[in-house]
Amino acid sequence: MTQVQTAAVQPDAIPVAAPAPQRWRVADVVALFELPFNDLMFRAQQVHREHFDANAVQLSTLLSIKTGGCEEDCGYCSQSSHHDTGLKAEKLMDVDAVLDAARAAKANGASRFCMGAAWRNPKERHMPALTEMVRGVKELGLETCMTLGMLEDEQAQELANAGLDYYNHNLDTSPEFYGQVISTRTYQDRLDTLDRVRDAGINVCCGGIIGMGESRRERAGLISQLANLNPYPESVPINNLVAIEGTPLEGTAPLDPFEFVRTIAVARITMPKAVVRLSAGREQLDDAMQAMCFLAGANSMFYGDQLLTTSNPQTQRDRALFERLGIRASDADAMQANA
């Protein structure tokens, strides 16, 4: 009987300063993707248990504080002014309304509150309200995250001074596939914003979207980019494309759910101390596949009935699933990785 051998994947030592040799070559990440499913899951769960409580998941709520009218042409996004999705552009929400939503999220079990604005970048006139939102949400005892588009150095520092815990700015996909999805913002623009966030002392939340028509190698390219950031992000959201009517990616064939689970597992292995977040597109997975995601190393999920402008599984269904799996909601402090 022929024995199947798997490739040994040995990342280099973690660099202490940039520029540095890559820790994860794309070929190494592809080798992880191509492991037999059971082997990949076993390895991911081993890594996960080394650094986190395997039965604890952080609940996050995401609020769109400024919806629609975005200048960017991201092919997946209903909020782009380039696409006819029927979404009406709205102004930035009042601070009090945002804080009311944060209180409701906390009452519903969330320990993390994310605020997203459909902008290319915030204007200086927006900053006082944004920093007030951060301070107000933190006073409620919630972990804070914002995603506002590209930032200047001064804006990143203002958010840091307000106490922002995380700033989300996704790479979206690999450098090779990026141009097929977005033309109004370069890959380097995204990397520059991440550098500004890091330099300001804010934790980085950075992931991507899979299922946009990219190849497995291009998915591996995204993970390689994320894992080779120095340091890699503290928070890594993995989104499953929601093919929204009126966007260029409308009608894109759904990704095999097992490939989504594989991506979660590979993210966990390559970024062992990151919080891997099960994000948009979760409603496309049945309960069994969501359970697989937790087994693969996802330890946070977006919770609530709406995720920006796409639907999310209902909270009652989420609670029922947690009960069936023996998973408990965890606060932000418990999400700190073990050494």
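Any Cβ shown, glycine's included, is placed from N, Cα and C.
Together with C114, C145, C205, the [2Fe-2S] cluster site in Swiss-Prot holds one more listed residue from R43, R277, R282, which is R277. Between the binding-site residues C114, R277, C114 has the most other Cβ atoms inside 10 Å of its own Cβ, all protein chains included.
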